[in-house]
Amino acid sequence: MTPLTSTPQHQLRDLLTDVNVLEQHGSADVLVANLTLDSRQAAAGTAFFALRGVQADGHQFIGKAVDLGAGVVVCEELPAELSEQVTYVRVADSAEAMGHMAAAFYGHPSKQLKLVGVTGTNGKTTVATLMHKLFTARGYKAGMLSTVQNQIGEEVIPATHTTPDAIRLNELLARMVAARCTHAFMEVSSHSVVQHRVTGLHFAGGIFTNLTHDHLDYHGTFDNYIKAKKGFFDMLPASAFALTNADDKRGMVMLQNTRASKATYSMRSLATVRGRLIENSVEGLQLEVDGHEVQFRLIGVFNAYNLLAVYGAATLLGEEPEEVLTVLSGLTSAPGRFEPIVSPRKRVVGIVDYAHTPDALENVLTTIAEIRRPDQQVITVVGCGGNRDAAKRPVMAELACRLSDRAVLTSDNPRFEDPNEILKQMQAGVRPTDAGKYLTVPDRREAIKTACAIARPNDIVLVAGKGHEIYQEIQGQRTAFDDREVLREAYELLSL
Ligand SMILES: CC(=O)N[C@H]1[C@@H](OP(=O)(O)OP(=O)(O)OC[C@H]2O[C@@H](n3ccc(=O)[nH]c3=O)[C@H](O)[C@@H]2O)O[C@H](CO)[C@@H](O)[C@@H]1O[C@H](C)C(=O)N[C@@H](C)C(=O)N[C@H](CCC(=O)O)C(=O)O
Ligand SMILES: Nc1ncnc2c1ncn2[C@@H]1O[C@H](COP(=O)(O)OP(=O)(O)OP(=O)(O)O)[C@@H](O)[C@H]1O
Ligand SMILES: N[C@H](CCC[C@H](N)C(=O)O)C(=O)O
Ligand SMILES: [Mg+2]
């Protein structure tokens, strides 16, 4: 990975500038050589942050961190016994303090980049990836933090989260600065706002895509989920832009309390960025954007929104509108997001999409219904992951059968579950009237081949659920598996 220009080391005092310290034991004039939120990573010179988590309370591990050499402990509650060798800093919210201290520790890298955050239920990965591709094509060196991967210019760094924790996040941004990136584009998940992963960052802009029900297991209520997304716009500085989707029911709420300059995009009404749909087909989208008629390679109306968001943000960052549209017209989708793979001979249109929830699957299938010609059959291959929410299984199978001409039910990542059991639960959801529409093929490779064998020239084969994933996980073992590669294999085998 691109190295940092120097290993940061700071006096604790300098890291506390933006932190509201309630109580302090020990000196603020101690050197801090690294930061961690995991006691198991503590060593001499470490500042340990005790965070209250979902599974555990980091305060339980303060003793462990100190035993391993941590010299600073940031916490919400002081331990009963204090060590003479350690400086304890009590704050109201350790995660918030960690956001500010991580930013300071890495030299506020977000202030040295034009950092744009994207939030919303769907489209974050697509918009962040398109921004990165656009700015790279325009000759800038740019960074990206996304669900699929992180990037410093062309260098790829695997991602573990959509938005990493504040320490990792600031470290990655500092590496981008060291590599002379001028811009960075990142997804801001609702979890990251609530957990203060983005606290302390200086954004040049924020983008809102849309909001539907998701992650309620974590946020509890839809209102809390809206608040989490809005929290991102509330933290933007006056120098930033806040660009929202005016056609989404929650779009304007996002801007209610922001200090940033407000901008909107819309396909329906007057807005800062105006789009109009001219044509929407398997070949792509034809749109009028701010008076310019442009043909794009991306497919589906939802991508028209993503394109308007990207165009709007790029022009708000000072890019020339016509040049932006020229580059955008040639761009392809983010990996595994409505990614088309057309067979060379019979023009079978394979579409690989990460839809792994009922909502996403319905969205993808209705989008396909909008762009298909009457003579094109839709064949859907889908499975559901093991050791994950079982309630979605019957619903996804029902949707796949109802909204397609044919369906092949198969495995996703079975993990530690029996794939045949998962398939039985899926089958239970299929309406009796659709019983003749589907086949069950547990082996995913065989299932994709089966769908391709059924396909006639020009038919559409949707392969849903795994998108960009390049493995299949069975009994704790990950083996190489890429829906896109398997589709290509099937095309060859069947001379499609
Ligand atoms: C629900 C959630 O967000 N969990 C995140 C949270 O973990 P947690 O609350 O379970 O932590 P915990 O296990 O209770 O431990 C509490 C604290 O004690 C510490 N600890 C624990 C054990 C020990 O021995 N010593 C120790 O110090 C832990 O490091 C932690 O700081 O804090 C961890 C450290 O930052 C995250 O890695 C973890 O993400 C988990 C893996 C996760 O799956 N998160 C998902 C839900 C997530 O964040 N998703 C969003 C959105 C995805 C999208 O829709 O695109 C994302 O941004 O990725
Ligand atoms: N603007 C949009 N509106 C609705 N659906 C979208 C939009 N953009 C992409 N999609 C579809 O939604 C799914 C997720 O897209 P994407 O990965 O870009 O979103 P995300 O917000 O990053 O999601 P995640 O939280 O899973 O990382 C895909 O199935 C994609 O085809
Ligand atoms: N972040 C989600 C992705 C699911 C993707 C699907 N392919 C599966 O493995 O279930 C999860 O881990 O639940
Ligand atoms: Mg994402």
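Glycine is no exception: its Cβ is also placed from the backbone N, Cα and C atoms.
The domain 'Mur ligase N-terminal catalytic' annotation in TrEMBL covers 33-106. Taken from TrEMBL, the feature domain 'Mur ligase central' applies to 118-314. Residues annotated as ATP binding site in TrEMBL: Gly120, Thr121, Asn122, Gly123, Lys124, Thr125, Thr126. Annotated N6-carboxylysine per TrEMBL: Lys229, in sequence order. The domain 'Mur ligase C-terminal' annotation in TrEMBL covers 336-467. According to TrEMBL, the meso-2,6-diaminopimelate binding site annotation covers Arg388, Asp412, Asn413, Pro414, Arg415, Gly465, Glu469. If you look up TrEMBL, you'll see 412-415 marked as motif 'Meso-diaminopimelate recognition motif'.
Here the features listed in TrEMBL are placed on the structure.
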{"residue": "Gly120", "record": "ATP binding site", "CB count, 10 Å": "28"}
{"residue": "Thr121", "record": "ATP binding site", "CB count, 10 Å": "19"}
{"residue": "Gly123", "record": "ATP binding site", "CB count, 10 Å": "24"}
{"residue": "Lys124", "record": "ATP binding site", "CB count, 10 Å": "26"}
{"residue": "Thr125", "record": "ATP binding site", "CB count, 10 Å": "26"}
{"residue": "Arg388", "record": "meso-2,6-diaminopimelate binding site", "CB count, 10 Å": "16"}
{"residue": "Asp412", "record": "meso-2,6-diaminopimelate binding site", "CB count, 10 Å": "22"}
{"residue": "Arg415", "record": "meso-2,6-diaminopimelate binding site", "CB count, 10 Å": "16"}
{"residue": "Gly465", "record": "meso-2,6-diaminopimelate binding site", "CB count, 10 Å": "27"}
{"residue": "Glu469", "record": "meso-2,6-diaminopimelate binding site", "CB count, 10 Å": "20"}
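The two recorded residues, Asp412 (meso-2,6-diaminopimelate binding site) and the residue listed as 'N6-carboxylysine', show a Cα separation of 30 Å. Secondary structure of the motif 'Meso-diaminopimelate recognition motif' (412-415), assigned with DSSP and counted as helix (H, G, I), strand (E, B) and coil, comes to 0 helix, 1 strand, 3 coil.
In three-state terms derived from DSSP, Thr126 (ATP binding site) belongs to a helical segment. Only Asp412, Asn413, in sequence order, out of the binding-site residues Gly120, Asp412, Asn413 have a CB under 6 Å from ligand 3. Of the candidate binding-site residues, Thr121, Arg388, Arg415, the one lying closest to the residue listed as 'N6-carboxylysine' when CA atoms are compared is Thr121. For Thr126 (ATP binding site), the nearest neighbour among the binding-site residues Asn413, Arg415, Gly465, judged by Cα separation, is Gly465.
Here Gly123 (ATP binding site) is compared against the binding-site residues Arg388, Pro414, Gly465, and the shortest C-alpha distance is to Gly465. With a 10 A radius on its CB, Asn413 (meso-2,6-diaminopimelate binding site) counts 23 other CB atoms from all the protein chains. With a CB cut-off of under 6 A applied against ligand 4, the recorded positions Gly120, Lys124, Lys229 are reduced to Lys124. Taken over all pairs of the listed meso-2,6-diaminopimelate-binding residues (Arg388, Asp412, Asn413, Pro414, Arg415, Gly465, Glu469), the Cα spread reaches a maximum of 16 Å, rounded to the nearest whole number. Listed in sequence order, the residues of the same chain lying 6 or more apart from Pro414 (meso-2,6-diaminopimelate binding site) and placing their CB within less than 8 Å of its CB are Gly385, Gly386, Ile422, Glu473, Ile474, Gln475.
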